[in-house]
Amino acid sequence: EKRIYVQVVKRGTVLLLLLLTLMSKLMFSLECPLRFRTSTERLERKRTVVSSATDDEQLIKLLKSYGSNKIRTTKYSLLSFLPKNLFAQLHRFANVYFIFLAALNFVPVVEAFQPEIAMAPILLVLTVTAIKDLWEDYRRLISDRFINGLRCQVYSSLQKDYIEQRWQDVRVGDFIRLSCNEIIPADMLLLYSSDPHGVCYIETANLDGETNLKQRQVVGVEFTPESFHSRIECENPNNNLSKFRGYMEHSTKGRVGLHNNNLLLRSCTVRNTETVVGIVVYAGHETKAMMNNSGPRYKRSQMERRLNIDILWCVLLLIIMCLTAAIGHGLWLQQLKDPIFLVDTETSPALAGFYVFWTMIIVLQVLIPISLYVSIEIVKLGQIYFIQNDLALYNDQLDSRIQCRALNITEDLGQIQYLFSDKTGTLTENKMVFRRCSVYGIEYPHEENARRLEVYEPEENKVTGQSVTLRSGCSARSLSCRSVNCNQSSVSLHTLTADSEEEQDGPSSHVQPRSCAFCSRMEVVPDPELVRKLDCLASPAVSVSDSSSRTPSSLELTYITDFFLALAICNSVVVSSPSQPRHVPEARIPLKSLEDIKLMFQRMNFSPFSALSAFSPPQTKDSPRSFTRRLFARGKAGSFTPPAIPASSTKEGADPDQDVNLETSNPSHKLDSSGSENEENNKVEDRETEDDLRDKLAKLDGAADGMETSTEELDTENSADDELLYEAESPDEAALVHAARAYRCTLRGRSPENLLVDLPGIGCLAVRLLHILPFDSNRKRMSVVVRHPLTGQVVVYTKGADSVIMDLLEAPQGAEQLGDRCSHIREQTQKHLDSYAREGLRTLCIAKKVLEEEEYELWLKRQLYAEASIEDREELLMESAHRLETNLTLLGATGIVDRLQEEVPETIRALQRAGIKVWVLTGDKQETAINIACACKLLRPNDQLLTVNCGSKRCGENWSEPPSAGRSAESSSGAAAGFILVIDGRTLDWALQDELRSDFLELSRQCKAVICCRSTPLQKSEVVRLVRDQLKVMTLAVGDGANDVSMIQVADVGIGISGQEGMQAVMSSDFAISRFKHLRKLLLVHGHWCYSRLANMILYFFYKNVMYVNLLFWYQFFCGFSGSVMTNSWVLILFNLLFTSVPPLIYGVLDQDVPADALMELPELYQAGHTSKIYIPRTFWLTILDGFYQSLICFFVPYFTYAGSDIGDLSFGSPINTSALLIILLHQVIESHTLTWLHGIVLLGSGVSYFAFVLLLSLWCVTCSPPTNPLGVETLQMSQPLFYMVCALTTVVALLPRSANQQTGAESIHSNAGVGGPSGSTPTGGWLAPRFQESQTVPVQEPALLWLRR
């Protein structure tokens, strides 16, 4: 019957677990939204969307099959909470183990104590965890109700008007009307905008943290809800925020391509547009915002994996102890003869030993620390609280503090071995300022601008709450909401509260620059020589016959004009002003007579604008080059007056037209001399037609005066140029637009069809915008297709990385002189690019291409087809862009400075001293990356540079260990010379392949640092994964942009910097900081503390459990291994669960083994964490042995004291329990390095709670712990002096070795560090001694010296 009973209980437990699993799955399937039950057939089809007012029953049924707009982020309901929460908690092995023991205690033959007492620990843990989960889910429920209850205007086909509905009632196919500042309730296709250009501006801060406005375009159809009968075919729901593919098919079978610029995403906010209307295509959980909402990040820390292994060791130890008791009980029964007490003689010794094995499993269950998991979660929450509230990690200018987004890997911050960092925006400011440029092969150094930049940084540091390179005159929030007819309040989905009052307060007195887009307002000082050449377009003093060497040629003026026009228009910059924020002005052309003048010239056989088209053939009659300058001179003259230029000043790569007869080694001079004959012919023709030109100019005086009058009308507006604000999506765009503006090529406004641009000497012109090919990381370039305002030609302006643009250039077919000129320009520009890179500047190339009308029409048809495609849309668009962006003409290049952040060299130096290897992964040029590495002291003068640029894969087979690299890497304290490996993107592709991985890793391991240049986002993540998996090290990745997201997610610890490139890196990270320098304290101080605290707390838990459990085990040798205990069951259960569980929590949150000042000045102390000196198998087993020793003392001192007396078992257990409590609490005091009043209260409270509990139990309990009776036991024992003597002696003897070991460790630190003085009362663990011995050469600063002496 007993065997049958045991089998029934075991099978019942298994059936109970299976039942809970089935119930959880059933509840999950019943509550899951319809989206989880979507058929496979529908997933394979494209999504079809029509108006919800359609009469087609099949289409109505199709619309209803899509998910509703109601969202549900909760995990539980009233019915499913209990089974689902239990099922979730049963995923933890410890919980399953204790449930099994509680069920086992119901079996009479193995029962150790009352079944209800055995249930207390696991019920307490499960209940506390369930309450925490319930509270979190309740908060999610309140949030869901608030969002689902928001109101919006939905078109009703019955009432023929828009009516208010809740968000949760919106369905796919509904028409929604929104006003300014309203949040978009679902993903909808934009069909109507009150803006005359069909534009809608949205703010995506709730989605990706970026506050600069995004422009969305209406689908090109006339829209009214009653007449809309089109059908929309689009892709199925996905989480790609930057991609949307589809087409709209009209009733006439015509198709219009749909793309991301037509889609309004849920949770974004409408700005600067009075009214918009759209049709819902994705709703609820199918929206892109909800599909990107993956909830809190969860990563398993390395310590947690180590903890699971040690728990398995404890399980093995438990089994050994139980087997020992079972064998001992069987042997004891065999040798027992004529017992004087009741013994079950019917059960065989073997079976009795089997029963005792399970009894001992129940008795010794506390060996497995059941409360350890809950304690770890509480400690980590406390650690995160103190990290987030550290003022040293707070940025007052940005009003931002560190964000801890991953709650369970704080201890990994103290074990980092490899750090992978982006460059731009991470090591640098990502606040770009135009530094120098090269146009037409001539370099313009902008020396005055360089001098201003040198004094700019100290001035910037004096400004509080404002960055000079960011437009911070007024807050972005106030700017984005102060438009006409935009008075409705806005609701933030982050805070779930209305913030209309904040938004309508007007300009803020305190500005947070991070809330602004890139609005660099730092003035660029123009280069005098370049200004002089531009003045040739407008200066009336220039004679038609002027042919001096200082006068630029018409071709050079063409290049210069196109260069700055490209800087002004090849971007996505939004222009705004304080009076009309982010305005889109009407594209009016003040020079209304310009086209008439052009036609007049054509009738008179003149081509004055031919100089502004690339490579136009030289005119032989009636077309002097000086005429363009004379015409442009009628326009408004610039206001900038350059300083006097010394006659001796020269320029690198001088103008090829300066001196045609001078024979030098300059290739430009040699090149130009070959074409001197043509130049002379042109000069003769110029002189012959000069008189005729003057007569014709006189006839045009009236027209020119009319142009001047029109220009004067803009004086008032142009005088307010300084008030224009440029808001760009990247700092590079803002810097280039401001550079163009410094040369009077000013972008004044933008609309979907036109750009309003001021050109020097001409005035305000409307540039027809035909097409935009936006920048992407694969093409690494951006292009705009425009109709040139002067020539009327279709022109493509392209800017991008020099490594890409240079490969797309092609010398024009034609005259030999022209080809040589282009080759010369390309060679000189490449030299200038290399020079810029060596200076650490960010480089971009500017190019153009003139299209014939037929060529453009053919390309446009293919482009529209690609945009309307759903399948292979990206490939078709890439092919179309490549077809357009070929055979480009190089105009010039730019160099933009991006300064280092403050304290970057000091931070990198400290991290290297801490034993962390720093890798820089950047997409910049090799020279730029090396220069930045030198600036941030990653590359020092005594280091050797290893550059790996392989032209083929075979080169990688010859990689070998550099000479002496191993020795230099061994002493990587940071000061020793070492090797720095520099590898480019192409070589990195080969290095990441399987056959070369090991060689690459071996080479990189021998180097002090590695710099990967021209690396793509995918390569960054692959490098991190390779090092993490192959070297088995702890990795950290830090970046600030969307291109760093994959790297951040792959690393063990991902850190995002809330910089100038939005919040995508932050939203994907585990921790978010505002400056790179914060890494120093985050890792060296908080990382060290978190690891040290948690490691010591875990070891302490194992120690106290082993120590107390062994007291019960030693007692078995004196009770026949029967499973009896010398204490009542309530004290046995609550001893580790309650009386000794709170002090470790305080220790894990507040303990500081080393002061923060010492950790900052002695980074070598950090190595104890990443080399796992604290929590390793050796320390674990030493802790277990220490627990065994203390349990022996705690048991046998009272045993020998009371030997031979008639003391009962409970009376014998009383001094043992009390001594164990004192030993465990005082052991905590010895281990603690920081003792505060809070420690005292907790320790005193633990002792008082124990004594209060046992005394009350002794006074009032009669039958609460059968078969024992604790009534009067504790009161009797505590009234005897022997009790206190035994407790005192036991405590001192048990703790003496631990105290002596700590004192020896402290003295070892003093001797190795060379610091004398008496040892203090706060001892430090001996594990620090070898670390100090290794770093004796490091000078000990005053704070660390004080700590050592203390």
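Including glycine, each Cβ sits where the backbone N, Cα and C put it.
Within the same chain, the residues at least 6 positions away from Asp422 (active site, 4-aspartylphosphate intermediate) whose Cβ sits under 8 Å from its Cβ are Val920, Leu921, Thr922, Lys1020, Val1038, Gly1039, Asp1040, Gly1041, Asn1043, Asp1044, Met1047, listed in sequence order. Annotation comment: TrEMBL describes Asp422 as active site, 4-aspartylphosphate intermediate.
Annotation comment: TrEMBL describes Asp422, Thr424, Asp1040, Asp1044 as Mg(2+) binding site. Around the Cβ of Thr424 (Mg(2+) binding site), the number of neighbouring Cβ atoms within 10 Å comes to 26.
Residues or ranges marked as compositional bias 'Polar residues' by TrEMBL: 661-676.
Under the heading domain 'P-type ATPase N-terminal', TrEMBL lists 64-117. Over the domain 'P-type ATPase N-terminal' (64-117) the predicted model carries a mean pLDDT of 83.
For 1066-1300, the entry in TrEMBL reads domain 'P-type ATPase C-terminal'.
Look at TrEMBL and you will find 637-720 (among others) tagged as region 'Disordered'.
As annotated by TrEMBL, region 'Disordered' applies to 1307-1329 (among others).
As annotated by TrEMBL, transmembrane segment applies to 12-36 (among others).
According to TrEMBL, the feature transmembrane segment maps to 93-111 (among others).
For the transmembrane segment (307-332), the list of distant contacts is 93-94, 349-350, 352-354, 356-358, 360-361, 364, 367-369, 372, 1098, 1102, 1105-1106, 1109, 1113, 1116-1117, 1120-1123, 1180, 1184: same-chain residues at least six beyond its ends, Cβ to Cβ under 8 Å. If you look up TrEMBL, you'll see 307-332 (among others) marked as transmembrane segment.
For 352-374 (among others), the entry in TrEMBL reads transmembrane segment.
Proximity of distant same-chain residues to the transmembrane segment (1115-1139), defined by a Cβ-Cβ separation under 8 Å and at least 6 residues beyond the stretch ends, is recorded for 112-114, 117-118, 120-121, 124, 324-326, 328-329, 332-333, 336, 356, 359-360, 362-363, 366, 369-371, 1104-1105, 1108, 1195, 1199, 1209-1210, 1212-1214, 1216-1217, 1220-1221, 1246, 1249-1250, 1253-1254, 1257, 1264-1265, 1268, 1270. Sequence annotations record features per position, and here TrEMBL assigns transmembrane segment to 1115-1139 (among others).
Look at TrEMBL and you will find 1180-1200 (among others) tagged as transmembrane segment.
Per TrEMBL, the feature transmembrane segment maps to 1212-1230 (among others). Note on the transmembrane segment (1212-1230): residues 1100, 1103-1104, 1107-1108, 1111, 1125-1127, 1131, 1135, 1139-1140, 1143-1144, 1147, 1190-1191, 1194-1195, 1197-1199, 1201-1202, 1239, 1243, 1246-1247, 1250, 1254, 1273-1274, 1277-1278, 1283, 1286-1287, 1290-1291, 1294-1295, 1298-1299, 1302, 1323 of its chain, located 6 or more positions outside it, place their CB under 8 angstroms from a CB of the stretch.
Here the transmembrane segment (1237-1262) has long-range neighbours at 1128, 1130-1131, 1134, 1138-1140, 1142-1143, 1146-1147, 1150, 1214, 1217-1218, 1221-1222, 1225, 1228-1229, 1269-1275, 1278, meaning same-chain residues at least 6 beyond its ends whose C-beta is under 8 angstroms from one of its own. Annotation source TrEMBL lists transmembrane segment at 1237-1262 (among others).
According to TrEMBL, the feature transmembrane segment maps to 1282-1300 (among others). Sequence-distant contacts of the transmembrane segment (1282-1300) (same chain, six or more residues past either end, CB-CB distance under 8 Å): 1186, 1189-1190, 1193-1194, 1197-1198, 1201, 1214-1215, 1218-1219, 1222-1223, 1226-1227, 1230.
Here the domain 'P-type ATPase N-terminal' (64-117) is broken down by DSSP into helix, strand and coil counts: 29 helix, 0 strand, 25 coil. Here the Cβ of Asp1040 (Mg(2+) binding site) has 32 other Cβ atoms within 10 Å, regardless of which shown protein chain they belong to. All protein chains included, Asp1044 (Mg(2+) binding site) registers 31 other Cβ atoms within 10 Å of its own Cβ.
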